[in-house]
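As annotated by TrEMBL, domain 'Tetrahydrofolate dehydrogenase/cyclohydrolase catalytic' applies to A:7-121. Annotation comment: TrEMBL describes A:140-277 as domain 'Tetrahydrofolate dehydrogenase/cyclohydrolase NAD(P)-binding'. The NADP(+) binding site annotation in TrEMBL covers A:G166, A:R167, A:S168.
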There are 2 protein chains.
Amino acid sequence: MENQLILNGTTVANDVKEKLKVRVEQLLQSGLVPCLATILVGDDPSSETYVRMKGNACKKLGIESKRIHLPEETTTEELLAVIHSLNEDRSVHGILLQHPVPKQIDERKCFEAIDIEKDVDGVTSLGYGQTALGFGMYPSCTPAAIITIMDYYGIDAKGKHVVVVGRSPILGKPVSALLLNRNATVTTCHSYTHNLPEIVALADIVVAAVGKPNFIQGEWLKEGAVVLDAGYNKGNIGDVDYEACLKKASAITPVPGGVGPVTISMLLKHTTEAAEKGLKLRNEKVSQ
Amino acid sequence: MENQLILNGTTVANDVKEKLKVRVEQLLQSGLVPCLATILVGDDPSSETYVRMKGNACKKLGIESKRIHLPEETTTEELLAVIHSLNEDRSVHGILLQHPVPKQIDERKCFEAIDIEKDVDGVTSLGYGQTALGFGMYPSCTPAAIITIMDYYGIDAKGKHVVVVGRSPILGKPVSALLLNRNATVTTCHSYTHNLPEIVALADIVVAAVGKPNFIQGEWLKEGAVVLDAGYNKGNIGDVDYEACLKKASAITPVPGGVGPVTISMLLKHTTEAAEKGLKLRNEKVSQ
């Protein structure tokens, strides 16, 4: 297709961060330092990298990053105790537990223990339910990033047929829910889906969230479809066969430089919003 | 189509209730009386009928029904106080707030106040989130009824394309989530969906949850589709044009006598399960 639009995630993320900068400065001037606590359990190198990237992104914006690094042999109970103490800690506004945790830990139980007010990464079932029912505060960051990119480029989901490939709790499911709430007709596909190419061919908008490199084929697409690639596989490769899809799509996110950078900016946004709520509460108490 | 299967909800409901009877008797023999509290606000005659039907169904099975009837002018705060006291009341195992409440009441806030352990009607966002993420205790009763009918008649959703028409918080959304968790490919449609007939034509299984009498047309269906009609409109009319759909479907639920009776049996099942959890907790305390 001619005149394709490359949906530039770095541009969108910079726009988000520019706007956040003003809000963070206002918070700092009010004497409140927004703070994201990150919990890393064990020594997985890519998890370490992700946590460091998130911490650095916070710092650049003036958000404090409280990094907690627990040993590989941490138990569920020990991790729960850390989460409970961060829930209680008024100087902490957001909590991020880096996925995955070592296998002896009940990850779901630990996610569920995060206070809904501090669930800025959108991992609790309560947060998911609120998002799906249309009044969530902090949806998972990658789904929020996809919506933000669409908004930035004026891509309206209303009445469109969206095909989401993937159904993980922090990506496929919540992005399906968010797009349904934006009045799209949503089809959620996964490993049991028969005739995936035929279903993708119906889509006005395709969201790839499957975790398989170059999985979505160009020949599957309807001419002029919008392609949003939330995949991030080894070697900076997305879930979409970019070159082939580029030929048919009317708009497409590259990997890297697409959904990824916006995802981190959503974490910053949610942490800032949680801190703003903290400030509001503090002011209400002072005025009482 | 020849050899259609009429999915008989009364048969399924009777089967559910027969099995529950044994469990309720065991509870009664242990000295625990399972109890569902129903809250009706105002004097809407059909709501009164629903609540009475639910109460009578409880009684028939040996489940106590604690009926609370509040005046039309009840405030949100007054209703919240009632819910909080039922949450605290150990003799109450399930709480049902009859929808809709008078318009001065914040219904969502009141639903959210129901303790997750007593949310046997599946109305809280936490319950919805847990259901959607695959570990919910008590899904909303109509979606649970649809799954139960499918199980009774051996209709496997795995790999099937399910089209759900409707997206309400207690019907379209949770039934989409449950069927996705059963490994169906799920498309959720609604009033903004373009080309609904073409989308319904793709479905191996159609769930009608739209609230419009005779809305789903026979000519839309793929030959041999399974049709599950969760609609219940004035005059005992479903969302599906039954006679026309009957000609093309391989299996279909009638209205009345389809999803409806099973829905009430799900409420009884969830209340029984909540009471069983109560008994287990009591026994654990005794043995400590």
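The chain as shown is numbered from 1 upward.
Including glycine, each Cβ sits where the backbone N, Cα and C put it.
On the structure: features taken from TrEMBL.
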residue : record               : Cβ neighbours (10 Å)
A:G166  : NADP(+) binding site : 23
A:R167  : NADP(+) binding site : 25
A:S168  : NADP(+) binding site : 17
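Proximity to chain B, defined as a CB-CB distance below 8 A, holds for A:R167 out of the binding-site residues A:G166, A:R167, A:S168. Across the domain 'Tetrahydrofolate dehydrogenase/cyclohydrolase NAD(P)-binding' (A:140-277), DSSP classifies residues as 54 helix, 24 strand, 60 coil. The record gives A:G166, A:R167, A:S168 for NADP(+). Within 8 Å of the mean position of their Cβ atoms, the other Cβ atoms in that chain belong to A:V164, A:V165, A:P169, A:L171, A:G172, A:K173, A:T188, A:H190, A:A209, A:V210. Using DSSP to sort the residues of the domain 'Tetrahydrofolate dehydrogenase/cyclohydrolase catalytic' (A:7-121) gives these counts of helix, strand and coil: 61 helix, 18 strand, 36 coil.
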